[in-house]
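Enquirer: Structure provided below as structure tokens; questions to follow.
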Amino acid sequence: MSKNKLSKGQQRRVNANHQRRLKTSKEKPDYDDNLFGEPDEGIVISRFGMHADVESADGDVHRCNIRRTIRSLVTGDRVVWRPGKPAAEGVNVKGIVEAVHERTSVLTRPDFYDGVKPIAANIDQIVIVSAILPELSLNIIDRYLVACETLQIEPIIVLNKIDLLDDEGMAFVNEQMDIYRNIGYRVLMVSSHTQDGLKPLEEALTGRISIFAGQSGVGKSSLLNALLGLQKEILTNDVSDNSGLGQHTTTAARLYHFPHGGDVIDSPGVREFGLWHLEPEQITQGFVEFHDYLGLCKYRDCKHDTDPGCAIQEAVEEGKIAETRFENYHRILESMAQVKTRKNFSDTDD
């Protein structure tokens with residue numbers, strides 16, 4: 001992280017926030033300001049309840065308390081923080097997060113109880129990791145792509161475990177990936193085991209903050225370990241040896257630095273994106289190849305299914321839109337309706 005001193009304007013905002021807390025709060029102040037040093041810039045590399053690990057400009061990590069006035073703080077947030085001063089007994093006081101800078105992007109997921117929940121901030125791109133094992137699921141890739149388009153965060157599709165493919169299998173997978181290449185998505189083929197294809201991926205990650213998403217068992221943790229040069233930092237028991245089924249391996253979102261440049265936020269919250277909180281129109285917009293045909297259907301309320309005069313259906317029949325993508329579009333809509341029905345039933349039951 002480069003050294004960034006607070007500007008005079010930022011200093012004034014910190015002081016103004018402090019004075020406003022003193023004037024408006026009827027409660028006892030949450031922390032004594034005399035316990036802390038001068039404000040500085042930092043980035044949240046992990047969040048634990050009412051504490052956060054903040055990396056300072058010199059690369060050191062500081063455990064910090066969080067002001068009660070800060071309503072939302074997640075990994076990736078850029079913050080103003082103050083270090084704790086040594087206490088009388090010689091024990092260092094935790095630092096404190098004073099303010100959060102405006103986010104350039106925020107990654108969210110729906111929650112049945114809390115609505116939409118932020119899980120990471122200031123993400124430049126989402127790396128969608130898939131693999132031929134446990135299975136190559138284009139439906140899951142399409143779900144991630146809809147989420148990326150809705151969040152307006154750039155996606156990269158990475159197919160892992162290519163070392164397990166023979167020539168025939170590679171030809172088939174390339175044919176499947178051409179569906180995405182042809183509509184403008186970047187696709188990279190890699191192997192975390194043999195490290196084939198890692199160089200182009202490293203280049204795509206350099207200078208950016210990325211987050212890796214993928215179903216359990218695709219080797220996401222092993223791929224991150226290969227890129228980070230780690231063996232134990234991120235656990236690798238991605239798949240059960242007995243069942244072949246994926247296991248969850250990490251519990252808290254954390255930011256790591258790639259040795260070649262760039263950062264990654266590893267979070268269990270993005271193993272799968274729920275889309276049930278979206279409207280059907282948002283799902284439609286999430287399929288980028290549909291855009292040229294929207295508004296051209298015979299009927300304004302066209303469901304893009306069996307409706308007569310559907311421009312999207314005609315494009316599928318003419319080979320301009322991949323039939324697989326069109327089928328997955330309707331699968332996503334159907335699964336959304338089912339989840340919303342269960343949620344509404346649960347709410348009524350309460």
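Cβ coordinates come from backbone N, Cα and C, glycine included.
Note that the structure is predicted; figures quoted are calculated from it, not measured.
Found this in Swiss-Prot, in case it helps:
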COMPBIAS  1-17  compositional bias 'Polar residues'
REGION    1-33  region 'Disordered'
DOMAIN    104-273  domain 'CP-type G'
BINDING   Asn160, Lys161, Ile162, Asp163, Gly214, Gln215, Ser216, Gly217, Val218, Gly219, Lys220, Ser221, Ser222  GTP binding site
BINDING   Cys297, Cys302, His304, Cys310  Zn(2+) binding site
Enquirer: Looking at the binding-site residues Cys297, Cys302, His304, Cys310, which has the shortest Cα distance to Asn160 (GTP binding site)?
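Expert: For Asn160 (GTP binding site), the closest Cα among Cys297, Cys302, His304, Cys310 is found at His304.
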Enquirer: Please name which of the binding-site residues listed here, Cys297, Cys302, His304, Cys310, is nearest in space to Ser222 (GTP binding site), Cα against Cα.
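Expert: Closest candidate to Ser222 (GTP binding site), judged by Cα separation, is His304.
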Enquirer: Spatially, and counting Cα to Cα, which of the binding-site residues is closest to Cys302 (Zn(2+) binding site)? Options: Ile162, Gly214, Val218, Lys220.
Expert: Gly214
Enquirer: Out of Ile162, Val218, Cys302, Cys310, which has the highest number of nearby Cβ atoms, where nearby means within 10 Å of its Cβ, if these are the binding-site residues?
Expert: Val218
Enquirer: Using C-alpha positions only, work out which of the binding-site residues Ile162, Gly214, Ser216, Val218, Lys220 is nearest to Cys310 (Zn(2+) binding site).
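Expert: Closest by Cα distance to Cys310 (Zn(2+) binding site) among the binding-site residues Ile162, Gly214, Ser216, Val218, Lys220: Gly214.
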Enquirer: C-alpha of Gly214 (GTP binding site) to C-alpha of His304 (Zn(2+) binding site): distance in Å?
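Expert: So the Cα of His304 (Zn(2+) binding site) lies 28 Å away from that of Gly214 (GTP binding site).
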Enquirer: Can you tell which of Asn160, Ser222 has the most other C-beta atoms within 10 Å, given these are the binding-site residues?
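Expert: Per the Cβ count, the most surrounded site is Asn160.
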Enquirer: For the C-alpha pair, I'd like the distance in angstrom between Ser216 (GTP binding site) and His304 (Zn(2+) binding site), rounded off.
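Expert: Given the Cα positions, Ser216 (GTP binding site) is 32 Å from His304 (Zn(2+) binding site).
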Enquirer: List the other residues in this chain whose Cβ sits within 8 Å of the Cβ centroid of the Zn(2+) site residues Cys297, Cys302, His304, Cys310, in sequence order.
Expert: Lys298, Tyr299, Lys303, Asp305, Asp307, Gly309, Ala311, Ile312, Gln313
Enquirer: With DSSP assignments reduced to helix, strand and coil, which class does His304 (Zn(2+) binding site) get?
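Expert: His304 (Zn(2+) binding site) sits in coil per DSSP, no helix or strand.
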Enquirer: How many whole Å apart are the CA atoms of Cys297 (Zn(2+) binding site) and Lys220 (GTP binding site)?
Expert: 41
Enquirer: Restricting to the record's GTP-binding residues (Asn160, Lys161, Ile162, Asp163, Gly214, Gln215, Ser216, Gly217, Val218, Gly219, Lys220, Ser221, Ser222), give me the longest CA-CA distance in Å as a whole number.
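Expert: With Asn160, Lys161, Ile162, Asp163, Gly214, Gln215, Ser216, Gly217, Val218, Gly219, Lys220, Ser221, Ser222 as the binding residues for GTP, the largest Cα distance is 19 Å.
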Enquirer: Could you state the whole-number distance in Å separating the C-alpha atoms of His304 (Zn(2+) binding site) and Ile162 (GTP binding site)?
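Expert: A Cα-Cα distance of 35 Å.
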Enquirer: Have a look around Gly214 (GTP binding site) and count the other CB atoms within 10 A of its CB, chains all included.
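Expert: The answer is 25.
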Enquirer: In DSSP terms, helix, strand or coil for Asn160 (GTP binding site)?
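Expert: Its secondary structure by DSSP: strand.
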